[in-house]
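Only one structure is covered here, and it is reproduced in the block below.
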Amino acid sequence: MAPPLPSPSMAPPGLIHSAPGLLDTCALPQPPAAATMSGPAAETPSAIQICRIMRPDDANVAGNVHGGTVLKMIEEAGAIISTRHCNSQNGERCVAALARVERTDFLSPMCIGEVAHVSAEITYTSKHSVEVQVHVMSENILTGTKKLTNKATLWYVPLSLKNVDKVLEVPPVVYSRQEQEEEGRKRYEAQKLERMETKWRNGDIIQPVLNPEPNTVSYSQSSLIHLVGPSDCTLHGFVHGGVTMKLMDEVAGIVAARHCKTNIVTASVDAINFHDKIRKGCVITISGRMTFTSNKSMEIEVLVDADPVVNNFVKRYRAASAFFTYVSLSPEGKSLPVPQLVPETEDEKKRFEEGKGRYLQMKAKRQGQAETQA
């Protein structure tokens, strides 16, 4: 099988102590995972759990834990288990690099003072990629109450420590049932196809507009410029995937707040694709624009461009892209109607219709799941 996910954003090398505030990291006994290790890999746990208490500096303006903080924790757990697995056999050492995050739903808000339990397990491997599924539970340590807040699927590829442009082979896993491998292969092929379909957007650039009208795309579009420093990077000089996701969520939140002028929270994140690595010293521009609004939700497209200002031989390039969905909240935390977006140009109208299609598709999927469970 050909390497599916070249040139991803670098993920952390699996040193949990590099993340401030993480209280515990352990390989805990887990329920039977979708994939189990065999041979030399058997000594490497196929599931891990990390825990962290939520502090005041993790809060958004509404007082809940920032969605970007949750995304960063999810990526840290995925990076640890995938890097461990990819180094579980004798051979060239590597670091697991985040290449894609599937749709992630924020099922319930997490509060300051609660403990986040982030569980990750390997569910599928191809020749050059690892699928990791992550669940996030929040725990009120005063009452003992726990609730599921997030579910996510991430894809990693192993990059050689000697040459980070070289994708290595992934140690295989053994499945307890043949159906699990077949289902995993279907997910692999689906994300590979979707990833290819996003590449056509890579030439898009979000330009500022003077004196835009309220409720238009130009009125709320926003950009953040960030110089990549050592604290953003792995030991090998590339940006952590979780750092990039957190910055993307911040920009999407600014766009949503400017549009509706209320408190906003992240409801979900569509697939995040990492198209290329971001190196230390780059200046990155994270740009966001509104693409679609329903009665109570907003879709924001976020693009990440990297400019290697200290390297004249490398031009500015598209590093990552994603769609975020936000909802508007009252001061009491109740859902509010969203001002309807007014697309002006033909491109904006086209993006609006594409966003409407994604919204209706996901709505139908949720209704189907609800009928199945009923």
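Cβ coordinates are placed from backbone N, Cα and C, and glycine is handled just like the others.
For N60, D249, the entry in TrEMBL reads active site. If you look up TrEMBL, you'll see 347-357 marked as compositional bias 'Basic and acidic residues'. If you look up TrEMBL, you'll see 44-162, 218-332 marked as domain 'HotDog ACOT-type'. Per TrEMBL, the feature region 'Disordered' maps to 344-374.
N60 (active site) is surrounded by 19 other CB atoms, counting those within 10 A of its CB over all protein chains shown. A sphere of 10 angstroms centred on the C-beta of D249 (active site) encloses 28 other C-beta atoms.
Remote same-chain partners of the region 'Disordered' (344-374), defined as residues 6 or more beyond its termini with a Cβ less than 8 Å from a stretch Cβ, comprise 103, 216-218, 270, 291-292, 294, 297, 299, 301, 323.
Each residue in the domain 'HotDog ACOT-type' (218-332) gets a DSSP state, and the totals come to 26 helix, 54 strand, 35 coil. Cα of D249 (active site) to Cα of N60 (active site): a distance of 11 Å.
Helix, strand and coil content of the compositional bias 'Basic and acidic residues' (347-357), in residues and according to DSSP, is 11 helix, 0 strand, 0 coil. Mapped onto DSSP classes, the domain 'HotDog ACOT-type' (44-162) shows 23 helix, 58 strand, 38 coil.
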